[in-house]
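J.: Okay, here's the structure, questions in a sec.
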Amino acid sequence: MNLKLLTGVIVSTAFLLPGSASGQTADFNIVPQPLQADVTNDAPFILNGKTSIVVATSNNDLKRNATLLASYIEQTTGVRPTVGKQGKDATAIVLSIDKTISNAEGYKLDVDAKRISIAGASAAGVFYGIQTLRKSLPVVSGKASQVTIPCAHIVDAPRFSYRGTHLDVSRHFVSTDEIRQFIDILALHNINRFHWHLTDDQGWRIEIKKYPLLTKVGSKRTQTVIGHNTGKYDGKPYGGFYTQKEIRDIVKYAADRYITIVPEIDLPGHMQAALAAYPELGCTGGPYKVWEMWGVSDNVLCAGNDKTMKFVDDVLKEVVALFPSKYIHVGGDECPKTQWQKCPKCQARIKALHLEAKDGHTAEERLQSYVITHASNYLKSLGRNTIGWDEILEGGLAEGATVMSWRGETGGIAAAKQHHDVVMTPNSYLYFDYYQSLDKANEPEAIGGYLPLERVYSYEPMPKELTADEARHIIGVQANIWTEYMPTFKQMQYMALPRMAALSEVQWSQPELKNYADFTSRLVKFTHLYDHQGYNYAKHLFNVNIHVDADTKWQEIVVHLTTTGDAEIRYTLDGTEPTANSPLYVGAITLQKSANICAAAFRDGKRSSVSRQEINFNKATACPITLLQPTHKNYTYNGAATLTDGLLGDKGFGTGRWLGFCENDLEAVIDMQKPSVISHVELNTCVDKGSWILDARDIEVSVSQDGKTFKQVATKQLPTLGEDAADKVYTHKLDFQPTKARYVKVKATSERNMPEWHSGKGKPAFLFVDEISIM
Ligand code: ACM
Ligand code: ZN
C-alpha cells in the first residue's frame, strides 16, 4: 500500500476484527487504494456524537452528499454526526469544491485534530472522498463512543472515467429494492456506470408505452429450463418488469450516487421476447414464445421490414426520455444470420442497399451493420451516442460508436485503431458469471469458465499493441454479470463479490501501485463492511491457494500454498482432510510422484474450506516442452508448460488448464532429458460445440534421439465431430511398439472446416488440449 509514513507509526493494517462498542480507530487501508495517502501520528480527529458535517457552500449536491455521509457513518459506527453548522469546540467534517483539482472525479481528504476536509473537483469527487472516509471507519457492532481517525493527507483520482458493471435482469429479474442495493454496492466500489441489460430472449423488462405487449407478453415466460439446457423444465411461470415511473426513480437514486445508468436494448438478436409480443417484427412471422432455455436464439428482428426500423426508433425514443446517459447500448452481439439468409424481405434489403460480401464480411453482416447504423443515427439525432458489443465491428462500425470488447480484447484493439472509443470487458477476465473456484462441486452452478479473484485483479486494460494516441480511446473497464445461473439477487452478490473489489482497483488505481498480496490484506478489512451490510460474498480468499510450478531442470513439481494473512496452513498429500495435526506448511513442497494435495488454513482454531489438487506424474511431467505452432492469444495462459504440469484440465475450456488453438495445430516437442523406453502417448481435448470448440482430426506421435530427426511411431485419424457428440473431455490414446527415445513430438490437427450442422460451418474451429502424458 502507498501509505507513506511521515512520522511515527501508522495504525495496524490488515486483520482488524470488527470492533466492539468502545473507542475505535480508523485506517486508510481501503479498496480501491487511494493514489496517495500520507498518514502521520500527529493528534488525530475524534469523531463522536458532537461532530457535524458542514457544507461550505449552498450547493444542493453537497448537502445530499453530507446526508449520505452521515448515514454511512451511522451505519458503520453507530455514531450519527449532525449535518449543519459546526458546534462550539466540536469537530467538523467539511465538504467543499476545489476547482484546482484537475481530474473531474478527483478529491483531497485532509484529517487533523479539529477538522476533516473533503474537497472535490466536483460533487462526484467529494462523493469519492466520502467513500474513502466511510471505508476507513471501523465496523462496530453496536455504537462506538467515539472513533479516532488518524491525521492524514490523501490525494486521489481515478485512472479511468468509465468504470462499469453490467447486470442482466432478463434471464433473472431483480426487484427495484434489489436494484437500489446493487447501486449501493457499485457506489461502495467507486463504480460510476451501471450497464442495465433490460431486454433479451428470456424476458423484456422495461415498460414501453407505445408497445404495451412488450411487457404484457414479453416479460413473462411459461417456465425455465433446469440447468445447462438439460431438456427438463421447472414448470413455473416467471416474469417481471420495471414501469417507467420505477425506472425514473432508480435513475435518480443512481445519479445521487454519481452513477449513470447505461440502458441496453439488445438488438437485432436476443429479441425473442419482443417477437413473442410482436411476431410481425420477425423474419418468419412466428408464432414465438418468450424463450425458456439459455443460449443464442435464431429468432431475431427482421432487418428487411420497415416496421422493425420504426419499432427500433420508437423504443429508443422512450429509452432516451428515461435515461440521461450519453451512451445508449444497442447490443449487437450474437445475432445469428440464418433467418436473414432465407428471408425475402432481408434479402431484398441487401439487394436494395447493394450490401455485398466483401473484406471478410458477409452481406448479412453488412445488414446487421445497417441496423446498428440506423439506430446509431437515430440516437445521434436525439443527441446521444451509441455503444455496442464488439460484433458491431463486423460489417463496418457506425460512425462515432463506442465498442464494448467482450470476446477478448481483439475487438477493442481494432476499434481503438479505427479511433473509436472502447470499454474493455473481456470475458476471460471480467465475466462474473464464470466460476470463482475450480472446486465446482462446492460452488453454485455457473455458466462455466474459471475466473478467480487474482485473475480479475491481474487485468491490465491498456493493450500493448496500441500507440499512445490509440490508447486514449480506451475509456474504461467493465465487468458483466449474466444471470442465467443466478436465480436470486443473493446469488448475484455471491458472484459479484469480492471480484468487484478487484475490478475496482483495475478501474481506479494506477497500475504501478497494484499489488495482489497488499490488495487481499485490505480486502479482509473490506469484507467486514460486506458482512455488516449483509452482502453475500465468496470467501475463497480465506482458503488455501494451491499454486503448482513445473521445475523442468529437475523434473519436479513444486507446490506453493498461500492464504491471506499469516494463518497457519496444514496439508496432506494422500487426499485425506487436513487437521490441526497435519504437517504444517513451511515452504514449497517438491514432488517427484503423483499426489493428491489437500490443504486448509487455520484461524482462531477454525479450519477454512479444504482446497484440493491432484498431481498426475508420467514421463512427460515437468519436462521441457516447446510449441512449434502458436496458441490462440486469448487461450495461451501459462504457455507450453501447461501441457506437462501434472494438472489435468477438467470440464470448462476457460479454466486456464487448457491451451486453445485456432487455424493452427497443437504441435509440441517434449524433451524427456534422457533416453527412455516408451510405448504409449495420450492427450485430452475439451469439446464445447456451442463455443466453436471441436475435437482434433489427426493425431500423430513421432520420436527422436537428437531432437532433429523424428520418426513417426503412431497416428490416429478422427472423423469430423458429429452433431450429437457430447460436450466433454475426450482422451485420445496412442499405443506403439516400445521405443527408446529422448524427444517426443505430438501433433493434433484442429478442425479447419466446421461441418454443415454447425452455425460456424465452413469456418475453422478451436482445438483445446491439455495434459500430454507419455508412458
Ligand atoms: C455477450 O456476452 N454476449 C456480450
Ligand atoms: Zn427478415
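For all residues, glycine too, the Cβ spot is worked out from N, Cα and C.
Reproduced below are the annotations present in TrEMBL:
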SIGNAL    1-23  signal peptide
DOMAIN    29-157  domain 'Beta-hexosaminidase bacterial type N-terminal'
DOMAIN    160-510  domain 'Glycoside hydrolase family 20 catalytic'
ACT_SITE  Glu334  active site, proton donor
DOMAIN    637-753  domain 'F5/8 type C'
J.: Which numbers of helix, strand and coil residues does DSSP report for the domain 'F5/8 type C' (637-753)?
T.: 12 helix, 61 strand, 44 coil
J.: Taking only the residues in the domain 'Beta-hexosaminidase bacterial type N-terminal' (29-157), give me the average pLDDT of this model.
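T.: Taking every residue in the domain 'Beta-hexosaminidase bacterial type N-terminal' (29-157) and averaging pLDDT yields 95.
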J.: Tell me which residues of the chain lie with their Cβ under 8 angstroms from that of Glu334 (active site, proton donor), as long as they are six or more apart in sequence?
T.: Gly269, His270, Val296, Trp389, Glu391
J.: Which residue counts does DSSP give the domain 'Beta-hexosaminidase bacterial type N-terminal' (29-157) for helix, strand and coil?
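T.: Breakdown, helix to coil: 32 helix, 46 strand, 51 coil.
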